[in-house]
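Look at TrEMBL and you will find A:ASP127 tagged as active site, proton acceptor. The annotation ATP binding site is assigned in TrEMBL to A:GLY10, A:ARG72, A:LEU73, A:GLY102, A:GLU103, A:GLY104, A:THR105. What TrEMBL records for A:GLU103 is Mg(2+) binding site. Per TrEMBL, the feature domain 'Phosphofructokinase' maps to A:2-298. The site 'Important for substrate specificity' annotation in TrEMBL covers A:GLY104.
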4 protein chains.
Amino acid sequence: MRIGILTAGGDCPGLNAVIRSVVHRAVTNYGDEVIGFEDGYAGLLDGRYRTLDLNAVSGILSRGGTILGSSRLERARFRAACDNAKELIEKSGFDALIPIGGEGTLTAAKMLSDAGVPVVGVPKTIDNDISSTDRTFGFDTAVGVATEAMDRLKTTAESHQRVMVVEVMGRHAGWIALESGMAGGAHGICLPERPFDPADLVKMVEERFARGKKFAVICVAEGAHPADGTMNYGKGAIDQFGHERFQGIGTALAFELESRLGKEAKPVILGHVQRGGTPTAYDRVLATRFGWHAVEAVHRGDFGHMTALRGTDIVMAPLAEAVTELKTVPKDRMDEAESVF
Amino acid sequence: MRIGILTAGGDCPGLNAVIRSVVHRAVTNYGDEVIGFEDGYAGLLDGRYRTLDLNAVSGILSRGGTILGSSRLERARFRAACDNAKELIEKSGFDALIPIGGEGTLTAAKMLSDAGVPVVGVPKTIDNDISSTDRTFGFDTAVGVATEAMDRLKTTAESHQRVMVVEVMGRHAGWIALESGMAGGAHGICLPERPFDPADLVKMVEERFARGKKFAVICVAEGAHPADGTMNYGKGAIDQFGHERFQGIGTALAFELESRLGKEAKPVILGHVQRGGTPTAYDRVLATRFGWHAVEAVHRGDFGHMTALRGTDIVMAPLAEAVTELKTVPKDRMDEAESVF
Amino acid sequence: MRIGILTAGGDCPGLNAVIRSVVHRAVTNYGDEVIGFEDGYAGLLDGRYRTLDLNAVSGILSRGGTILGSSRLERARFRAACDNAKELIEKSGFDALIPIGGEGTLTAAKMLSDAGVPVVGVPKTIDNDISSTDRTFGFDTAVGVATEAMDRLKTTAESHQRVMVVEVMGRHAGWIALESGMAGGAHGICLPERPFDPADLVKMVEERFARGKKFAVICVAEGAHPADGTMNYGKGAIDQFGHERFQGIGTALAFELESRLGKEAKPVILGHVQRGGTPTAYDRVLATRFGWHAVEAVHRGDFGHMTALRGTDIVMAPLAEAVTELKTVPKDRMDEAESVF
Amino acid sequence: MRIGILTAGGDCPGLNAVIRSVVHRAVTNYGDEVIGFEDGYAGLLDGRYRTLDLNAVSGILSRGGTILGSSRLERARFRAACDNAKELIEKSGFDALIPIGGEGTLTAAKMLSDAGVPVVGVPKTIDNDISSTDRTFGFDTAVGVATEAMDRLKTTAESHQRVMVVEVMGRHAGWIALESGMAGGAHGICLPERPFDPADLVKMVEERFARGKKFAVICVAEGAHPADGTMNYGKGAIDQFGHERFQGIGTALAFELESRLGKEAKPVILGHVQRGGTPTAYDRVLATRFGWHAVEAVHRGDFGHMTALRGTDIVMAPLAEAVTELKTVPKDRMDEAESVF
């Protein structure tokens, strides 16, 4: 068999582990040929690919990023290609395609599948917000990086009697903030799923100081926002070029708290360090299992599905199901995190 | 309410996170008093305990070990105490007991429960071998330590064209070897669940060298053993005191491979570094959730159960179920790991 | 003897290691009493201190921050106290004082020394900018954190064909940027010691892209600034409260490069994660040696000096020398770093 | 110019950083050609090499091991080649040679130099035992790995009231044991430089237990040995093949202490994890500077020397000086470490 593979969307620790696993399983066990399309769907549309043998994937298990590159989807061109799916397949001569990516990538995968391309998807997002799977790889690494940062910030906050506002990734779903806030022992956690009131945070900090704890760490998802009317937020500042620059919520909230508390409050924006670098053991195992099971699904002819974690098992979930709804943090998980909003 | 808590058995990253979580939830939300028995069941039998308030658990989330200490169970004395459960409860005046521990601890917890003590267990083992729960905290940390060691050993093995045999923990179940071997990219994995034949490992190494890959890493659980008649193992060596000292399987296998391959093969015994130190974010979250749900179970009167992870949910599992059978690595997980035995 | 100790100024990994070392050496070897003043010089002025015995410093070697707390110097009150040095000494009854801190703290130490207080200083700064010593503890930890961040950012930058601008600490001296930029393989390094021209950075990035390297990482010290007339910088943006907010150089430079290059350029501001958390082994050893030698100096009566690293030796340097001039990055070190300005 | 480079001897984190630095400086600044001999001196003798351009060294800064491979020196063949140095140079056509290695490699480099080959050496050893240089790269990484292990072991030792004996590398010089023992807070440190008496360690442990500290960690260099007559050590045990196997000092000492103390004492042999994997920032900077200065020395015609760290400067030291004597731990550094022998 000839199996095509591609990585699309934002990068994520564990992508290379999936690629390696697919190649190992397909080549060693089935004698397949694996071809890797370059720069995501762009490589598929252009017919740009290279053969991936065992040597090509040697040593990549622990490396961040993707050896295949990635790029944004050109929607119009992609739609046109879907209308000529047969031609698309013939151009590169593959028998099955394994696209690895997030919501956008999987939606595109579904379009290809509907157009008759034999597709097995592999979900990927550091945000952990894809439905139908308990977890996605990359998430554990992101949470680990954010937690280590909070461990470090606590000693600084404590020595200087400061409030630290740590902004982590998560535009629409607050999983990273939830778990890194819990693991890092944050005293307040703000998620996109539930608008917060700065007054609650002020109260929490004041109670801590009253108890003799002279610092606090607040973990904020980048997509968190204040409840209506509780805080002046959303108006951009004017930068040196005269453009309006929107402050992130972390910076805005730190200013707000400093102003209300009369105590130093500093923002720390973790940014892209959360999505790069070597994946944790957890993410490597999950990514490797996803790759292994994707190859099995290809050989079973189980198309139109994606690999998914359910409990300790890897199962196949319909692509249709996976992309209809974002998996957000449910109420009981927020309650567990003892957050303060 | 007055809730007693204790940690028993081998130490495990995440114990302090459970203690902290129990105290936070019970004190802040329910206004309970939490007392911590010292040195495991010994402290319960002796009535040795101290009150744990918020300050007592401050800063312990990221710390390995247990602030309560641990000790081996004195069986006879424990049985006698169970016969006088009422007296035991009166001595320390608690309304519910949360013992945190592995198989032995939970078996003892069941005895207490059968004797009428209101018990909610929390499972703990770096070996991940407790039934009824998808995972236990401590396991992710152990796998992480072993994986990082394999990452480091690979560059050494490669530069010196060597075979490295890495022995990891796991006397009866091979979970740590399975997942760290997979995450660390080991070329062979030996588990207690399936006797291995050194000839298979020799073949794998020779094939790698033939392909130009001049090194190999083999991950062996300490409880792995060769199939009958395949290797001379199990006879101890005589040390300087004239005592017979049994070599671990890692050392024995390295000697065996060196002798059969005519190439350098070095054992590395990771040992206790796997069970100490700061827990990973994953383990902190799981431990914190277990503590939170244990307190909820206490307040619901849900005794005779232990907290358990199922998928993404924390549920309550009967203690009886949890301790009847060890959770070993199933055949399909071994196959996934592409092991060579 | 009765030795007083205090930590002042910004926190820094290794402070606790010095405190522990002073106590171990003084108590175990000389039978001294060690008292720790709370919150820096404030505790000295107020006579607020506690006795530090072996138990008080148990387990703090690897912990960030300072168990003694820190605070800003109240200059007027401090000067007044210096005028009554005898009284100051009598209030707490110490025979020697070991203040641990940066430039400000050591300047104050010199004032005390001039006023007749027997003082042995210990230099501390993550910025590594104190003269008379080859290195200060805390610096290695800061460089390590920044380097790890750059390792992670590279895979992200590469996958997305992006320019990353990483802002690290260093207001007046660029040591952290120099060494983390070198260790992290940054393609451009901007230091306070030499104004940069954004045009040089643009040229470097374009040459890299022309060579097929589709990403670049630029490491900028927070105190770096553009050469006059090369870039519009220094005018603050107006935030939601109507206040002028000055953008950091990292953010300003990323905008500038994005605008000039027509390619995505993202700022990452590492901030306070660089100064907290567990110290590296290097910093623990240096801090421990400084503490040990400070006690020796006290017993030799070698006052008015501070501990300093010269090659592999710990020597005593006059406080006067240490505080007269900031140690900045010399030209030859900038050249070595193959920077692009 | 045409510069040859090779890596020989045991692997060491930072080798790739030197190679990368040499290529960057020589190619970019001087327009040199750099050729890398494969597998150490073997590649030089065989004329096996490849050209190293900027792409060849891309991404290797943070990688352990050596992209050039290494091998043991074939002495007889090497001597013969030295006798025909002119021919050796002509075979590969290089103008200067940069061998990177430890004592053996540098001794060979000196022989080449004496035979008329233009040589600039770069010293390398995780053991830090080369004279003429304050430090060698690889050492900081090894100390870091050993320190982290001790951090982890302490929580385990404490929870189980155990003595841990950690054996680290260092056959002839105890630098790793000295600095990791100091950084990891070991309660006893045994070095090759000073024979120890187990009775002193027993006394130290008993005093700790008497003070309520129910654990101890002892750090032992693999080359440490007991003073004559203090302990039965050095007789090998007979293994399953009937061969005499010599126990390492860590294992022997743990058994000895357990037997004398009547308390559990466990050996942990760190082994090869200390020498592999990604180098610390410190080692990357030192290795990069060594590479940079080696190229400068080549262009100055400064042959027969090696790069060396003195204080904060990189200087050139005669090869003759560097290889005459091993740099061992001096008495005052042992005293600083507050060791117990």
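Each Cβ is built from the backbone N, Cα and C atoms, and glycine gets one as well.
Taking the features listed in TrEMBL, we show where each one sits on the structure.
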residue: A:GLY10; record: ATP binding site; Cβ neighbours (10 Å): 21
residue: A:ARG72; record: ATP binding site; Cβ neighbours (10 Å): 14
residue: A:LEU73; record: ATP binding site; Cβ neighbours (10 Å): 19
residue: A:GLY102; record: ATP binding site; Cβ neighbours (10 Å): 21
residue: A:GLU103; record: ATP binding site; Cβ neighbours (10 Å): 20
residue: A:GLY104; record: ATP binding site; Cβ neighbours (10 Å): 16
residue: A:THR105; record: ATP binding site; Cβ neighbours (10 Å): 26
residue: A:ASP127; record: active site, proton acceptor; Cβ neighbours (10 Å): 26
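If you take the Cα of A:GLU103 (ATP binding site) and the Cα of A:ASP127 (active site, proton acceptor), they are about 11 angstrom apart, rounded to a whole number. Spacing of A:GLY104 (ATP binding site) relative to A:ASP127 (active site, proton acceptor) is 13 Å (Cα to Cα, whole number). Cα to Cα, A:ASP127 (active site, proton acceptor) and A:GLY102 (ATP binding site) are separated by 9 Å.
Site extent for ATP: among the recorded binding residues A:GLY10, A:ARG72, A:LEU73, A:GLY102, A:GLU103, A:GLY104, A:THR105, the largest C-alpha separation is 13 Å. The DSSP secondary structure for A:THR105 (ATP binding site) is helix. Those same-chain residues not listed among A:GLY10, A:ARG72, A:LEU73, A:GLY102, A:GLU103, A:GLY104, A:THR105 yet with C-beta within 8 angstroms of the centroid of the ATP site C-beta atoms are A:ALA8, A:GLY9, A:GLY101, A:ALA108.
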